[in-house]
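Engineer: Following this message is one structure expressed as structure tokens.
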Ligand code: ST9
Ligand code: ZN
Ligand code: ZN
């Protein structure tokens, strides 16, 4: 298999960056997104209301679709493609890219580009979901307005050479719209309707719209809640926090103080697989020989950092 550039430093925090002084440009609302997101959440609310009447097979299917979309983000767009915290074989990358299209959170290339900018210029105007602009902006608001020009200016300076060299990433980008129609909308709706005669409306509202909306909000909580609430045992100088509720709902992505301190750790946490299904999944892939070079931070490095910059809440203290 062809080896490609499989590490990156484009996600490393840039402490030399200073925001340009002066007022920010006016916020421009993108009404199309406001309307679509409102309709999506209304549909999901309807799905939630009919949830008690849905068959158990459909509920299980919704869970399967949730886990697949979640892994496409956590093990795929996040830990593999944004941070290069492990290496994945071609079959695993194809699986993760397909699961990623089920998650419909922009294509992998765009997601990883925005996420690198988020780490590099965290909580400045160049951060796409700058949490200093408040919970709503960090959660969903940033998808409803034009980006701050600094995000685009800084983002354009990233080379993203490893992503451009990854055939799976570029293939998904080229065929993104079709892949989303098939994976995010068609497959979740078709399966319950075809295989166990669930009504078409229920199949559309529950495993499709409700599952998609829940997975979006679980992801967004990492940007909002995990940048606001929780302890900072590794670095009290930054806002990202350790938040167990987010870790649970985002299958392992809530240990956010650790993650911003050590972004290349494939576990995105100091600990094991508890509340971290993504780590268990990558370990399983490693066991089957589909993942390798899983990067981990040593205990000594963690403890030195805890002592130097932690807020004193680390359980070793
Ligand atoms: C969604 C994404 O939900 C969620 C990401 C969350 C990240 C979470 C991270 C947390 C850690 C991991 C946790 C995982 C947990 C998972 C748990 C799972 C259960 N650099 O974008 P445009 C260029 S998506 C460089 O239109 P506007 C761009 O290339 C939901 N360049 O900006 C373009 O150039 P050109 C569904 C950049 O006009 C130009 O700028 N999707 C950058 O300001 C304009 O780009 C949506 O809702 C950059 N960073 O519009 C769609 N950024 O013209 C949302 C941009 O040359 N997106 N450029 O091609 C949009 O509609 C628009 O992007 C917008 C901004 C309205 C938000
Ligand atoms: Zn963050
Ligand atoms: Zn990250």
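Cβ atoms here come from the backbone N, Cα and C positions, even for glycine.
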Engineer: Do you know which of 8-29, 30-51 TrEMBL annotates as transmembrane segment?
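Structural biologist: Based on what TrEMBL states, transmembrane segment spans 30-51.
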Engineer: Which residue range, 140-158, 159-177, 178-196, 235-253, is the one TrEMBL calls transmembrane segment?
Structural biologist: 178-196
Engineer: Summarise the compositional bias 'Acidic residues' (8-17) by DSSP state, stating how many residues are helix, strand and coil.
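Structural biologist: Per-class counts: 0 helix, 0 strand, 10 coil.
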Engineer: Can you tell me which parts of the same chain pack against the transmembrane segment (57-77), counting only residues 6+ beyond its ends and a CB-CB cutoff under 8 A?
Structural biologist: 51, 96-105, 108, 111-112, 115, 184, 187-188, 191-192, 196, 198, 202-203, 206-208, 210-212, 214-215, 218-219, 250-253, 277-278, 281-282, 285
Engineer: Same chain, outside the transmembrane segment (202-222) by at least 6, Cβ under 8 Å from its Cβ: which residues?
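Structural biologist: Same-chain contacts beyond the ends: 40-41, 43-44, 46-48, 50-51, 53-54, 58-59, 61-62, 65-66, 69-70, 73, 103-105, 138-140, 184-185, 188-193, 243, 245-246, 249-250, 253-254, 256.
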